[in-house]
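Participant: Sharing a structure below in structure tokens format, with a few things to ask.
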Amino acid sequence: MSTDPTSSIPRPDANGLVHGLTIEELKLLSTSCLEARALAYCPYSLFRVGASLLIHASSPTTASTTVISGANIENASYPVGTCAERTALGTAILQGHRLGSFKAIGVATDMDDFCSPCGMCRQFIREFCGNEVPVFMHNKSGEFRVLTVGELLPMSFGPEKLPPREVLKGVVGVEQGGEGGEKIKEA
Ligand code: THU
């Protein structure tokens with residue numbers, strides 16, 4: 001089923017932008033995540049999810065790529081399945097994209113309601129997208145709600161919260177173990 005997301009695009013701001021995206025970028029993002037639902041492998045839940053990442057034009061890698069998409073991939077061993085957001089981000093990371101590459105995220109389902117990324121995906125997204133990156137959550141008609149990564153995962157844990165390993169060695173106390181390895185000192 002093709003959906004026309006252009007019918008529901010809100011009025012742009014004074015700069016012609018909607019949550020920082022041009023109308024063309026927004027159309028591309030919306031169309032991409034709605035179409036990506038068709039890629040879903042979801043024989044168990046039958047719940048198709050498409051996700052797309054809008055890449056900053058200035059991103060150093062693959063200049064021609066503007067959107068990278070993914071969909072959920074389920075498994076007969078149910079917990080092994082992967083969400084659409086993480087398949088899309090995994091593809092982008094393998095193409096060399098990192099924090100700073102992503103301008104926006106789009107997610108789409110077949111539901112009337114607006115589906116937000118699950119908790120695990122919010123944490124995964126947080127590693128690679130700054131707090132200000134908008135997440136466009138689409139329903140089946142192409143209408144969307146928008147929250148930023150920071151709004152979806154406030155007070156989040158990220159790489160900058162981890163002290164360097166050498167500092168932590170001093171905190172917990174590390175000694176040489178057998179065969180050249182290390183072990184935490186016994187209290
Ligand atoms: N799913 C996603 O792909 N993204 C989300 O953010 C929520 C859930 C998938 C996982 C599973 O394949 C199906 O939706 C039902 O939970």
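Here the Cβ of each residue, glycine as well, is placed from N, Cα and C on the backbone.
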Participant: Pick the one from Cys83, Cys129 that TrEMBL also lists for the Zn(2+) site with Cys118, Cys121.
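Facilitator: Answer per TrEMBL: Cys83.
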Participant: To test your reading of the Zn(2+) site: which residues beyond Cys83, Cys118, Cys121, same chain only, put their Cβ within 8 Å of the Cβ centroid of those residues?
Facilitator: Ala84, Glu85, Arg86, Pro117, Gly119, Met120, Arg122, Phe124
Participant: Would you list, in sequence order, the recorded positions among Asn72, Ile73, Asn75, Ala76, Glu85 whose CA lies within 10 Å of the CA of Cys121 (Zn(2+) binding site)?
Facilitator: Glu85
Participant: Out of Asn72, Ser77, which has the highest number of nearby Cβ atoms, where nearby means within 10 Å of its Cβ, if these are the binding-site residues?
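Facilitator: Counting every other Cβ within 10 Å of each candidate, the maximum falls on Asn72.
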